[in-house]
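**Student:** Here it is, the structure, as structure tokens.
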Amino acid sequence: AVAQSYKSMSRAAMPFGLLRRELACEGYPIELRCPGSDVVMVETANYGRTDDKICDADPFQMENTQCYLPDALKIMAQRCNNRTQCVVVAGVDVFPDPCPGTYKYLEIQYECVPYIFVCPGSLLSIQPASSLLEAEHQSGAWCKDPLQAGDRLYVMPWTPYRTEVLYEYASWDDYRQNRITTTYKLPSRVDGTGFVVYDGAVFYNKERTRNLVKYDLRTRIKSGEAVVVNANYHDTSPYRWGGKSDIDLAVDENGLWVIYSTEANNGRIVVSQVNPYTLRFEGTWATGFDKRGASNAFMACGVLYAVRSVFQDDEGQAEGRAGSDMVVYAYDTSRGQELPVQIPFPNPYQYISSIDYNPRDNQLYVWNNYYVLRYPLQFTPPPVFVPPGPLSSLMTTVRSYTATVALTPVRPSASHPIGVINRGPFDQRPITAMVPLTPRPPLRVPLAPGGTGQVGGCEGRVARGVQWPPTLKGETVERPCPKGSLGIASYHCMSSPVGWSSRGPDLSNCTSPWVSQIAQKIKSGENAANIAGELVNLTRGRIYAGDVSMSVKLIEQLLDILDSQLQALRPANKESAARNYNKAVVQTVDNLLGPEALVSWADMSSVDQSRSASLLLDAVEKGAFLLANNLYEGRFSDRAPNVDLEVYVLNTEADIQDLTFPHTYDSDSILQISALALQQYSNNGQVKLVLSLYKNLGSFLTTQNSTLRLGLGLGQGSEVRRKSLVVNSHVISASVHRGSNRVYLSEPVIFTLRHLQLENHFGPNCSFWNASGVSGSGRWSTQGCRLLHTNNTHTTCACNHLSSYAVLMTYQQPAFGVGVEELLVYVVSWVGISVALVCLATCLTTLCCQGAPWHTDHSTIHCNLWANLLITELLFLVGANKTQYTVVCSIIAGLLHFSLLSVFCWLCLEGLELYLLQREVFEGRNSRRKYFYLCGYSIPGLVVAVSAAIDFRGYGSKTACWLRTDNYFIWSFLGPVAVVIMLNLVVLVMTLHKMHSTAALKPDSSRHDNLRAWAVGSLTLLFLQSVTWSSGLMFLSAPSLLLAYLFSSLNTAQGLLITILHCSLARKVRHCLCVCVLLCPAPTSVCVSICTI
């Protein structure tokens, strides 16, 4: 018998269903129950406390919110999985106490599923055939769906280059009598006999490709396609019988598998586990067995078994035939190692074309030289585990418990280089029926001072809402996803240099609960446009990294459903449904590229980022062409802040004009296509064109393996370490529906793209995204594109084919280092603000020294103007960069908004006061101070209050404590300020004009001269204030040394101008200073509070 570690209770990833949630406080029971014959499958379990608002108790018992028992899932799975109902008491009688003194609770999420397979043990023998039927074809495959009850059979006879039909039979008797229940016409032809049916869908290898296709038998639509990366295909490395059987699919207790070979593994077998619902590869193992040397292979209990048989046309081997029909090779994926095995395999007809294992009935379904056979398997019983002792006696910390099984899995040896990759949340499912808990000493990782040690590993920390434990270098630790999401997050502790990965935790597998609900609706075939509308609302606000990738895949699946549903509609209704769908997709994509979602993109690995971004481009384009196919001449356009989509159906028999995109508004990213190029691809008098523009997407499309022109100047050695290739523009796309990724044009397409970053970027390359089929991978290339013109801000390119374009540039870190540049930026801006603060404080102090008799309306305005300006400068200096404190940052942004509006309001009031004074004979006869205060503070306060009520999240961003600039919220400042400045200009111009026209009539020429000088000074200050704070706000949005120098210079000039105009050149101020010096040895003793009226 084969010795192995068993997964006594295991299951492949079940379809997205509705997760059920139960919670019980410590000392109370929790009940899990499923309807009918469905059974419980525990998805997540937590015994401890991670929230201080659940299960109220004494405050001291609720303080610890980092209480978590890692083995809670395994314990609950042991007790409840595979049962229709289960009752567990949350307490130390069931669970070890991870944190004594803390009042805990038990939180469970579970699914009700049709069946959970129990691994029967080690394969012992293969029994003689229990069923026998002669077929019409020499080669083929047949199987049953292991997740469906009943006797339905699925048969696919194989004919080279003509296999595209799957037959369903209600039972074995119907198959014997050739009574076909259903015939399925597959969307593409099939290579080989390696198909399987799993949970209502057929999986097969698409002919002449390395693609894996999923076809839903219920909805009769293709619901997925994925590339088996680097797999040999189409008769490169088939089984011995040939038949294009390079890529073989299999199912067992653990789910769906792909068996194939690669050139990198020298034609030897590689096996990958695939999520049957997302088609994501969850793990890959390289073996040492030559695939061409195997007659066939199958999976059982996570073990690969390879069969070697002698065929009827093998010469000179008749005598050794009996000894050659054997299962000769086994590879245990749970251990990552080969197992010794020699099990006879019955081969009466000497031409095996397919072997499929069914974990429901533990039989092999074989097609052997015109005969279909069914072989029962005999297994040794799984090992019996002795339950652990009383768990309540185990008292230790959360890290003191680790799960162990009878045979502990070991890592793959060096001879198996691929190993286990991309492990998702399914690894956390139970692997044994009885899981003893063994107390172990807490993990002690030797750390160097400062946290990320140079000795042994990384210290514990909290990142992205997850508590990460101390971890050895080179290891990847897994933890449950942040609160509110499902799945498993991971964090890698690097070996060189020792420390946590600079990319942060990988939350690619963390999804919101709504993802499974939407997937279930798609699976049920509900209205695609309605589901797309729901997706718009669900992707607003906070989403997780897994939500991003899953949303893209959901959009792809919706396309297939929409295409099918449109067939049943009238032409007018088809166009309406397609329009509604594309509008929803545009809004969803806009949400996925919005500022809140960008944080989630950063939580994904670079591979997942690039794959999702590439698939997003493809999904939007396919949806747009689906609309174009139902748009009978005309145009569709939809625009959102981060995406713009236009669809054209043009009549080429009439005169058509050159197209400019976008043409409905002025844009800094423009694409132009000539009419001649469009007519070149006319089809039946029409051309269908899709144009799109994406913001924030280019940074996620990898620049690795890019094919660029020479002369980038990346340098060598230490020089290349300071340079990197980046996408420095938006992504703009154009495509004609010709069934090809690239359509070559007689006249090139011209596009101009703005550079997103100006500093330290050089060497623009006009590039297009060369996507690699359905895998989502791709690379940038300059083939067929050339540079026409470039400057510091824009680049213009020409390409002879339609695709998705961007400008790639080389980013060079400053020679003196990023940290030094940031310091220089800070110091320069600090110096300018400090000079302005000193000048403003001097003016305010001087104004105080003048005493109450001098406090006129005019001095009141100056006092409030300078005080608000001083407060604004202080807030800018101290709080504008405090983005790490979310609440504080929002408050500072609101205060800055209010104080800056107040500055401009008081400037406007100064102009109004000048206008009124030049109409009066005596100054100050009727004081207007109370009206000035009312206008100077109530108007800014009202604007801020209304803005906060509309969108309080607009205060503060990830770059600065200021108003957000990506969603028009900035107009709550720009709009009022523009109105105030225009009003102030009008009043000042009217004042100067009035003074000029009545200069000869004024008897008091000195007063007239003072007012004119004041008006000119006010106009100058208004101009300087506008320019200064324009540069200051640009500096907040994109800090740079140039803007820092500009802002600092203008601040200094502004402060000096105020000091000169209102202190040095003011006669009253000079008189006051003289009085203070002569009469008061301590001038500050007579100074009253600032702005005492």
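Note: Cβ is positioned from N, Cα and C throughout, glycine not excepted.
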**Student:** Identify the disulfide partner of C301 as annotated in TrEMBL; candidates are C112, C119, C481, C493.
**Tutor:** C119
**Student:** Which of 885-909, 930-950, 1013-1036, 1042-1061 has the most Cβ pairs closer than 8 Å to the transmembrane segment (823-849)?
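**Tutor:** The stretch I would name here is 1042-1061.
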**Student:** Please tell me whether the transmembrane segment (1013-1036) and the transmembrane segment (930-950) touch - that is, whether there are at least 3 C-beta pairs under 8 Å between them, with each pair 6 or more apart in sequence.
**Tutor:** no
**Student:** Return yes if the domain 'GAIN-B' (634-815) and the domain 'SUEL-type lectin' (24-113) have at least 3 CB pairs under 8 Å (sequence gap of 6 or more), otherwise no.
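**Tutor:** They are not in contact.
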**Student:** Looking only at the domain 'SUEL-type lectin' (24-113), how are its residues distributed among DSSP helix, strand and coil?
**Tutor:** 13 helix, 35 strand, 42 coil
